[in-house]
Every structure is written in C-alpha cells, then in structure tokens.
Amino acid sequence: MPKAVGIDLGTTNSVIATMEGGRPEVIVNAEGARTTPSVVAYKGDERLVGQIARRQAALNPKATLFEVKRFIGRRWDEVKEEAARMPFTVKEGPGGSVRIEVNGKDLAPEQVSAEVLRKLVADASAKLGEKITDAVITVPAYFDNSQREATKQAGEIAGLNVLRVINEPTAAALAYGLERKGNETVLVFDLGGGTFDVTILELGEGVFEVRSTAGDTHLGGADFDQRIVNWLAEEFRKEHNFDLRKDPQALQRLIEAAERAKIELSNASETTISLPFITFDPETRTPLHLERTLSRAKFEELTADLLRRVRQPVEQALADAKLSASDIDEVILVGGSTRIPAVKRIVKEITGKEPNESVNPDEAVALGAAVQAGIIQGDANLGDIVLVDVTPLTLGVEVKGGMVAPMIPRNTTIPAKKTEIYTTAENNQPGVEIVVLQGERPMAADNKSLGRFKLEGIPPMPAGRPQIEVTFDIDANGILHVTAKEKTSGKEASIRIENTTTLDKSDVERMVKEAEQNAEADRKRRERVEKRNNLDSLRVQALGQLEENQSAPQDAKDRLKAAADEAEEAVRSDDDSRIERAQKQLEEAMRSFMTAAQSGSQNQAGQGAQTQTGRQEDDVIDADFKPAE
C-alpha cells in the first residue's frame, strides 16, 4: 500500500509528514527545509512556490500571494478588512465569494492553496521514491463548514485523495500523546500565523477525546506583524508625509521586516528595523530610508488588544468542558506565534501552569496528521488509537421571525446526525426554503449562512399539515450534509444548494485539469532549464580541460574551444533544438579531446622514457676494478 501523508496547510508555513517505523517523521522539501512557506508567486507562465517565491516577493508584490488560508471558504463581506492590507488584489467573486486577481486572471483561494499542496507532495514523493496520493489535511478547529469543504477541495485540485480533514489542535495532541501512558487532561493552545484555537482533550489508553474547542479565525501571527507594519508606516508618514502602505513594493518590504522583528523580539529585548531605499521622495526623487528601533515593551503595547483576545477562547473552552484551570494536567503550545514571550506569560497566568514545550510548535500538527493517516491505513505499529472530535460551532436552520432553531449544538461529538420535523407557514405552500446556519447568535442574520436549500413539489395542504423532515449529518471531516423530504405525502424532493462560498463540482474538475496541465508545463519548463544548465556545466568542464591539458594537440584544442563557444551561444539563445545540437557537439568534442590529450601524454611519456634509457646507456663507464686484497 502506498504511503499516506499528514499535511499541516498553514497560513504562513506548511509541513508534510509520514509514518516511518511506527513514528511520525517530517519529510524535508527539495530545498532541504522541514517547513515550506505557504507562498505562491506567478511570473508569466511560471509558478514559484515556497522559499523561492518568498525571496522574490519584494520585486513582484502584486503577483506573490501569501496568507491565502485567511480567504479560503470565506465570503467577501467577511474578509474586506484583511483584503485591504494585502499588497496583491483581493476582490469579490461570484456569489459573494473571494477571488485573487493576478495578471488579469481571477484565482480562487483553493487554487492557490492547491499549489502549496502540490509542491509539498511532489517533494515528498521524490524523497520517498513513490507517488503520494492519499493525505490527511489539518484545519483550524474553529474553521466552519465552508472553510473545511474549501480545504478539502484544495486537496482535490492538487490531485490528492483527502482521507480526512482533522482539527489542528487534535492533531497536535495525537503527536504529543502517542507514546505517553496514563490518563491526562490536556489543553492545546494553538496560535498560528492566521488562526487561533484552544482545545481541551482527555487522553488515556489510546483514546483521544475532545471535550471542547474554541477559537478565533481572525487572530494569528500575521495580525501581530500588521501592528508593526502600521507603526512603521505611521512613523515614516510623520517624518516624510508619505504612506508606505499605498506602495505595494514598500508594503511587501514592511511586512517582511515586521515578521523578522517579531521573531527577533522573542529572544531579544529590542531590535533594529533597517530598510534602506524604501521609497523615493516624490518631488526631489532622492532615496528615502527607514530605520527604527523596536523594543519588546513597545511591541507588547502595540499588540495589547490582540493579547487580550487570546484569553476569552481559553475561558470559553474551560467553561464548555465544565472544567477549571486546576483540572488541566498539561498545556501544550502549538504554532509559531506561541514563541512570543507575552503569549507564554498570558497562558501561564490563565492556566496557572508552565506550558509544556516538549513538542515542536511548527511540526506537531503535521506529525499528528501523519498519525491519523496511519490509523486510517491500519498501521500495525500504532495499535488501537481512537480519536473522538467535536464540531466547533452550533448548526441550525432559520425559522419564522428570523430566529435560529439549533439542530446540532457546538462541541457535539462527530460524526453526528440529527433529524427535526418542520412544517409550512401558509396554506397550499408548494415549497420551502431552508436556510442552514452556523454560529452562536440567536438571530439568523448574525450567523453565517452555509447555504439555502429549496425543497419543492410539496402537495397542496393547509398550513401546518406538511411534515418536512430535515436531517443534518456531520461526517468525520466535520463537513455537513443536509437532506430533506416531505413525509405526509411520502414523496421526496431534490435539494439544490445556492449561494455557497465553496466551488461547485465543475469548477473543481476544471481546476484539477488546469493544475495537471500546469504541472506538465512546469515539468517541461524544468526539463528545459536542466538541459540548459547541463550544457553550461559541460562547457565549464571543457574550459577546465583546456586549461589542464595545454600540451594537447592544437587541432583538438581548437575543436573543443569552438564547441564550447557554440554551447555558450546556444545557452543564451534559449533555442531547444540548438541546445540539443550543441550538447551533442560538445560531448563529441570532449571525447575527441580527451583521447587526443591522453595519446599526446602517452607519446610524451614514451619519449621521456626512451631518452632516459639512452642516457643510462651513455652513462655506463667501462672500468677495470682491482680485486680487493
């Protein structure tokens, strides 16, 4: 059976892992790194993913996409504020969805995330020596139904069979508790690049049971970065009367500098942010520079409200689990943003415990996802592990007066299924529209609409007579399926989903084909680059041989030099057929030259030996020795 992998598709960085000998192991990428930046850049027909994309971001800000996870499965009206601070163009798409415009083309967030997944899987396949198709992908525990579906679709667009979508804190708990014995109540505090989750689990005898989960999908390390960006921009504006945030290139440099400063302040009390030539004076065209010193105290002042926001989900998770802080045995920190000293301090204040830092906050989620993949595939080394998760938000339907009728409360164990009977409000009503909602507010307008389901073909009956059976079914991925039928007549009617933020089946199929075509184009482009590089490397070797074998026959040297010169011109021309011809000519010239050079050296060696022998003969002196007495 081919290996399955676990993937942490993160806001800022992503990680892939698999089971090796009963233990989860991170798979390094093609660059040799254990984490891959969740960054995708578009340059003409070429797509760059990971560190190579991040490195060129400042020069290509409009087409370098990052933090796309913040937009996946979201409605435009939910992300306007976040969209406005990006150096690239984020806009409203069909049905109120989100689209990212790059070089005149609109991309769905799922497409961009699929590029990251494709890179992770391609690199892992190369490392493992086998093609990977099966994966468990993690999502923040507080992701709603649309965001989970969109993440699953991203996997499908990348050509993956998504075995399961699991919550990030739950995955981290799997990694933490895999080899631990005894019973524990664990609080996982997961503050990543773009989202924040708190999950409380009970661990014991191979059972990982989630008691409660809470979170904030609009809070993460990028928000802390943004406070530094705004501070730097305001400081610069006061001095030069120019807002750097309006210049995409300058904004990209600010974002990168802010992230570096935040990381440095985790280990230092202050840091210097230096950005020479950040922009030009619009009147004099002289270069302007930015240099500021940021202290840890100032950073905590800038982010004070964000730090306060991490408290409420912890308190809510404890309340929902009906536990107090003293009932928690261990506090596990997950996500790179938990390295911020103020965050650690707040966690300790709330829980009264020193956080357990035994797991790598960047890798724990992917490692746990790999464990889940192993469980699904029946890895004998794992034994009997049972994972019991919950749905993070209440699911319900809209009823008369714009109220919400809850169907499945938050923190219900999944999979879960619930059926309720509804009826009509008017006589002879031919159909009903069922609005499916997710959230905790009592009024429908204040919650997220997951979709509108129309049940049509109800026979004419007085109001209140029809019995409309609505069933909510949440699968193990936390994804909701809704069915409805009219019981009185015994007839069933079809349901169609309208106005959802996720892609329909035809969109996914189209994007899968596009991704496959892009992958083929990328392969051909990579082959062209490799051929060009191989020819150039051979040219350098040829010049080296000419340097080392100066005593070789002149005609052989001339032929090799001419072939090397043609190779140089072919590389510059970028003409495939010319490159192939030049490669053959240079290989042939190299063989001929090496043969001629060896023959020449052997002849020289032979002549040298003969001369030496002659000398020995010439040096013989005839002499009569007088015998010793």
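Every residue, even glycine, has its Cβ placed from backbone N, Cα and C.
Under the heading phosphothreonine, Swiss-Prot lists THR195. Positions annotated as region 'Disordered' by Swiss-Prot: 514-533, 543-629. What Swiss-Prot records for 555-590, 615-629 is compositional bias 'Basic and acidic residues'. Annotation source Swiss-Prot lists compositional bias 'Low complexity' at 595-614.
Here the Cβ of the residue listed as 'phosphothreonine' has 28 other Cβ atoms within 10 Å, regardless of which shown protein chain they belong to.
Residues in the compositional bias 'Basic and acidic residues' (555-590) partition by DSSP class (helix H, G, I; strand E, B; coil) as 34 helix, 0 strand, 2 coil.
When secondary structure is read from DSSP and collapsed to three states, THR195 (phosphothreonine) falls in the coil class.
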